[in-house]
Amino acid sequence: MEKPVVISQRTGKPKRRKAHRACIHCQRTHLTCDNNRPCERCVARGFADTCVDGVRKKLKYLDDKEDNKPSKGLSPAPGVNVQPKLSPATRSARSSSAGFPDTKGNMQQQHMGNMPVPNTPQNGHPNLGTPGMAHTNLQGPQRQGAQQPQGGQSSTPSQLPADYLIHQQLLATEINQLGDLGRTGEGDFSSDWFSDLQLSGHSFQSVATNMEYSILSNMVYSSGQPNSAVSNSLLLGNNSQSPNTHSPHNQDQPTPQAATPSAKIKQLIESNGLSAKDLNQYPLAGEFVNDTFLTVPEIVAFNETRRNVKDSELTTDEKLRPLSFAVAAGQPQNTNGNGNGSEAPDSPSKSIFSSGALEAVYSNLPDYTDPIQVYTNITKPFSYTPGYHGLISYLKGRFNKQQLVQMTKYMAEYRPSFIACTNSLKEEDLVFMEQCFQRALLEYQKFISFSGTPTLVWRRTGQLAAVGKEFCQLSGWSEQRLIGQQTFIVELLDDNSVLEYFELFSRIAFGDSRGATMADCTLLTPTGAKIKTSSIWTLKRDVFGNPMMIVGNFLPILS
């Protein structure tokens with residue numbers, strides 16, 4: 001139904017009706033159009049053949065598609081990539097296909113997906129490559145020339161992430177800090193540990209995260225390489241010779257760098273007067289491991305027969321037996337050159353490692369018995385970095401590359417988050433965290449003494465903090481051996497249980513605080529025998545939401 005014609009009072013002529021949509025010519029000249037096609041103005045002007053509806057501008061809030069074209073009149077400069085605006089869904093899809101980190105899952109895929117087929121530069125160390133990223137080493141001209149950019153393009157600082165350029169400064173700072181720890185008696189890490197790191201061009205927004213993934217990558221790819229500075233510096237400290245330098249037989253023995261991993265382990269064990277039965281957790285020396293399972297009555301009976309034995313009556317092998325080869329900082333014992341285990345008063349103290357290599361990890365912590373002691377004596381934060389590096393050293397000495405890849409995958413899910421959560425904390429916050437840990441440990445020790453259940457308490461790095469006497473009766477380990485030498489929980493587990501440990505911990509570190517259950521957890525005794533158990537973990541967090549301690553209960557499976 002058409003509207004009635006309205007007569008204008010000023011002109012006395014019918015008013016021109018507003019058109020629903022102007023034609024293209026009237027739209028350009030901003031003139032009033034009508035609904036006829038061709039309109040009256042186009043007929044008068046001779047544009048009747050081209051009079052069509054004009055195109056309206058779509059409102060921005062109604063536009064579903066972003067304008068991906070650059071502005072009119074602007075052209076990008078040569079060599080500058082113009083990135084179009086993308087929706088969140090498109091951006092996520094493109095980042096996933098290109099291999100760039102977008103979420104935690106993509107970061108995992110980026111670093112773990114290419115591990116089985118790494119790129120090997122001239123220096124012999126495979127690097128964890130990332131699609132679309134240039135790999136650059138800061139280790140000198142020789143390594144920088146290992147990979148050349150394609151197409152004749154030169155690598156300029158503008159093509160690298162901003163935080164990647166300060167990696168070398170970060171490494172120097174951390175080395176200096178670790179050197180200060182050694183001067184204060186807390187530890188002495190060799191700078192060679194960091195000299196062989198393969199720093200890949202990761203583009204995370206955190207320097208600490210980039211550093212962490214470089215350490216994890218190097219942990220996997222330097223495993224089993226005799227010339228790896230990382231493994232040599234952590235296993236042998238700052239010394240380039242065998243620890244048993246006073247033995248005349250060392251002149252005829254091959255150096256550890258020239259031997260295979262298995263031969264190197266046996267050589268160092270024999271040079272320290274240890275017997276074959278002391279190797280209780282090594283897949284590389286599987287002939288030393290007893291595959292039989294002990295029952296709880298046998299272990300209890302064995303412990304009862306040795307309850308009243310004094311330390312002076314123990315044999316030399318029992319005194320020297322380390323918990324494991326790779327992390328036994330070792331009680332300083334004297335042996336003569338023939339390695340028979342007898343004491344030599346004139347020779348200096350020796351251990352499997354150099355005296356200061358992992359001292360920060362295995363220094364005996366004070367035993368607090370009262371809350372006042374906790375709040376009064378704890379004035380410095382607890383350093384988790386030496387413990388983490390000690391754990392990596394142990395894993396590299398025990399497991400093969402395929403197992404290390406699986407463990408690194410799980411570590412990559414929680415380790416960078418630990419660093420990110422603690423970066424914003426002040427020193428007073430870290431001191432308070434340690435006070436909370438020790439205060440909570442006091443209460444748990446009371447509860448463990450009353451519960452009667454085999455129980456262990458360890459930190460998020462895996463270092464044992466408390467052990468119940470029931471666990472000692474179950475496993476055969478003494479409390480002095482487990483707590484006095486700052487043992488890792490993974491040392492008490494067999495290979496499959498260690499892999500399951502890292503998988504469960506990555507799931508509960510920032511997930512369900514109620515803990516997890518390991519239906520089949522196999523413990524290792526001092527003699528290398530295995531005990532099947534079922535364990536339950538309870539995770540306790542600090543006031544900042546970080547995992548503080550894990551309480552594990554172990555019950556034997558007798559069937």
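In case you wondered, yes, glycine gets a Cβ from its N, Cα and C as well.
Record note: among 23-51, 371-399, 458-486, 23-51 is the stretch given as DNA-binding region by Swiss-Prot. The DSSP breakdown of the DNA-binding region (23-51), given as helix, strand and coil counts, is 15 helix, 1 strand, 13 coil.
Taken residue by residue, the domain 'PAS' (440-512) breaks down under DSSP into 43 helix, 12 strand, 18 coil.
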